[in-house]
Amino acid sequence: MNGTEGPDFYIPMSNQTGVVRSPFEYPQYYLAEPWQFSMLAAYMFLLIVLGFPINFLTLYVTVQHKKLRTPLNYILLNLAVADLFMVLGGFTTTLYTSLHGYFVFGPTGCNVEGFFATLGGEIALWSLVVLAIERYVVVCKPMSNFRFGENHAIMGVAFTWIMALACAAPPLVGWSRYIPEGMQCSCGIDYYTLKPEVNNESFVIYMFVVHFTIPLIIIFFCYGQLVFTVKEAAAQQQESATTQKAEKEVTRMVIIMVIAFLICWVPYASVAFYIFTHQGSNFGPIFMTIPAFFAKSSSIYNPVIYIMMNKQFRNCMLTTICCGKNPLGDDEASATASKTETSQVAPA
């Protein structure tokens, strides 16, 4: 084995030289230079400074403006809540541990940080699944009289939390475990060992199949069907031009969210899968650190995409920030063009 396994950790370095120490008790400066840990801390500080205000503002603006409280927006708000969980429950911890060069909060703190990171990522993924299904039902109309309403949105939000907890909670109760990864300053699922005492192998397989592969299959199926339907509707002019434009805008926004999710999380999932399927292989701490920390940037992109691509929300946000007056002066003019209330468009 090219790593050193302890009771609650796995360090990607052989202890033949005797320098390896517990990541819960000693700085890990033998894995990387101190300045590299400082860079991680600076990166986490940036994510906190950007991630907290923009996600909190997304929630606050929606509460302030009744016209934004549409069923589809419930799912988008769920993404903001998940991102805030990641920022407050995970990023603050990782910032502090990176400044110290090791996971100072011990195994319990590792469980907390790993839980929030996994929970936030999974809520985001399953929210995208719900959005994909919503787009499929609204645009493709497999059920002609179905309308995506408030109750459906609430059930969708509940579903995302149930599925996310089904992935993030088991390591806390003995099925797999959370351990420090990469440079040992952040925690995640143990992909590094089989650890039969906690049935680690079965959990990792379960996680990759149920909580990564299946959601992606659903997403790609829904959007594959959606592309064909939109092209066919455009060719036959089955919808009004205004309705088609609104549907396309919302669909485009959600697809970009999916692409951004894949860009952030597929590198991490790919590296984790490689490590799991190549037990004992030789890899350095940076190999997992870069994709793990890059995935954390997902807490920023969803609200940014939403603000950039939804003119109605953008105007409401400016109105809130500017104490009730939109400096651009086109709050109502843009309301029709980019409403995310397209979930309520009646079937043609």
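Don't overthink the numbers, they just go from 1 along the chain as shown.
Even glycines carry a Cβ here, placed using N, Cα and C.
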Identical membrane-side domain name, Thr4 and Glu150, from Swiss-Prot: no
Recorded disulfide counterpart of Cys110 (Swiss-Prot; options Cys185, Cys187, Cys222): Cys187
Least buried by Cβ count (within 10 Å) of the disulfide-bonded residues Cys110, Cys187: Cys110
By Cα-Cα distance, the member of recorded positions Cys110, Cys187, Lys296 nearest Gln279 (Zn(2+) binding site): Cys187
Mean of pLDDT values spanning the topological domain 'Cytoplasmic' (225-252): 68
For Lys296 (N6-(retinylidene)lysine), the one of Cys110, Cys187, Glu201 that lies nearest, given that the recorded positions are compared by Cα: Cys187
Length of the line joining the Cα atoms of Cys187 (disulfide bond) and Glu201 (Zn(2+) binding site), in Å: 18
